[in-house]
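*Asks:* The following block contains the structure, expressed as structure tokens.
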Amino acid sequence: MTLFTVSCLLVVLFLCHSLVHAENNGYYGYTPTVANYLPEKPQNIMNPVDSCWRLKSDWAANRKDLADCVVGFGSSTLGGKKGNLYVVTNPYDNAQNPQPGSLRYGVIQAKPLWITFAKDMVITLENELMVNSYKTIDGRGAKVEIAYGPCITIQDVTNVIVHGISIHDCKPGKYGMVRSSPTHVGHRKGSDGDAIAIFGSSNIWIDHCYLASCTDGLIDVIHASTGITISNNYFTQHDKVMLLGHNDDFVQDVKMKVTVAFNHFGPGLVERMPRVRRGYAHVANNRYDKWIMYAIGGSADPTIFSEGNYFIASDKSNSKEVTKREVKGGWNNWRWRTSKDVFKNGAYFVPSGYGSISLPYSSAQRFTVAPGNLVPSLTADAGPLNCNRNGPCY
């Protein structure tokens with residue numbers, strides 16, 4: 001067999017893998033464009049989060065083991081691990097008086113719950129979904145979409161896991177009454193139309209979700225939220241993708257620590273992957289496919305460590321730079337560093353700052369970051385997985 005024949009076979013296999021994965025995970029008629037770059041290693045290597053649980057055929061009987069697999073700043077997140085299972089049996093929603101069997105009824109409870117789904121469903125929420133502390137929303141084993149209405153709000157709570165669901169076409173919430181616990185219904189002034197908005201919360205993990213086409217952002221982490229890990233997600237077809245930090249004047253965001261790892265920032269994304277203010281962002285082993293404006297940006301002196309990412313620049317000559325500082329000057333001392341990153345199609349990263357940028361991870365938070373050339377394999381299954389209850393998740 002000639003070298004040319006082997007190369008052709010590799011191209012065909014990679015294309016098939018990408019298209020099948022997109023279809024299996026319900027990318028709603030949109031097939032992600034496969035970049036014209038072959039992965040630089042085989043397709044059988046998993047990242048540290050996935051290797052912790054995905055190959056176990058008994059995952060459905062031991063769902064809560066997932067909580068042991070989070071890495072990075074959100075590694076202490078328990079979700080509903082210490083609670084009972086709650087099964088969503090129907091997609092119907094009532095913002096003020098949710099009924100048993102609905103998603104909203106589960107997420108507002110005061111006790112820990114691990115929430116699963118009895119069947120495939122599309123949930124269109126009446127108003128924003130207020131998630132209480134110690135909850136896991138676990139979509140494995142079903143195709144679950146939250147779409148075409150307001151979406152998820154995580155506000156002033158702790159220990160929330162959102163895993164394996166698709167969140168897209170989110171709309172602004174309405175002014176009105178929304179229940180946030182069994183004993184409290186409060187006035188809401190209307191949400192912005194984010195897929196997931198995280199306010200003043202800690203120990204949050206967003207993993208293996210599909211996020212696209214919302215009115216405002218896909219993920220916002222603001223108001224001094226910290227202890228956040230955003231991993232294994234597939235982002236596509238959106239403008240302002242991920243905001244970390246409320247505004248330049250909100251000094252409390254200096255405590256914010258966020259890990260962004262093993263995500264696939266796919267086609268049709270414009271900017272903010274992420275955009276950071278004041279806090280610390282570890283951006284590691286992510287794949288970026290042809291952003292339109294920039295990939296990683298920020299203002300107000302954030303610390304950004306870009307490690308082992310795989311950047312494929314747009315074909316446009318004015319969109320090659322990975323980074324963007326949202327000020328005209330004074331950013332030379334901001335600590336923005338790159339290590340082990342791979343740059344394709346003319347992509348480049350402009351570093352800045354002096355002194356150490358060592359990761360402030362505890363031993364429990366620390367994980368191995370691979371060289372950037374391995375990222376196409378490590379992110380190949382970003383987004384919701386195809387999980388059969390009687391076998392491993394693919």
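Backbone N, Cα and C define each Cβ position, glycine as well.
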*Asks:* Which of these, Asp192, Asp207, Asp239, does Swiss-Prot say binds Ca(2+) at the same site as Asp216, Asp220?
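*Replies:* Among Asp192, Asp207, Asp239, only Asp192 appears alongside Asp216, Asp220 as Ca(2+)-binding in Swiss-Prot.
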*Asks:* Using the alpha carbons only, what distance in Å do you get between Arg272 (active site) and Asp220 (Ca(2+) binding site) once rounded?
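*Replies:* Each residue's Cα considered, Arg272 (active site) and Asp220 (Ca(2+) binding site) end up 10 Å apart.
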*Asks:* Sort out the sequence-distant neighbours of Asp216 (Ca(2+) binding site) for me: same chain, 6+ apart, CB within less than 8 Å of its CB, listed by position.
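*Replies:* For Asp216 (Ca(2+) binding site), the qualifying residues are Cys170, Pro172, Asp192, Gly193, Asp194, Lys240.
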*Asks:* List nothing but the one residue from Asp192, Asp220 whose Cβ has the fewest other Cβ atoms within 10 Å; the candidates are the binding-site residues.
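*Replies:* Each of the binding-site residues Asp192, Asp220 was scored by Cβ atoms within 10 Å; lowest is Asp192.
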*Asks:* Relative to the Cβ position of Arg272 (active site), how many further Cβ atoms are located within 10 Å?
*Replies:* 26
*Asks:* Identify all same-chain residues not among Asp192, Asp216, Asp220 whose C-beta atom falls within 8 angstroms of the centroid of the Ca(2+) site's C-beta atoms; report them in sequence order.
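*Replies:* Counting only non-site residues, the set is Ser191, Gly193, Asp194, Ala197, Cys214, Thr215, Gly217, Leu243.
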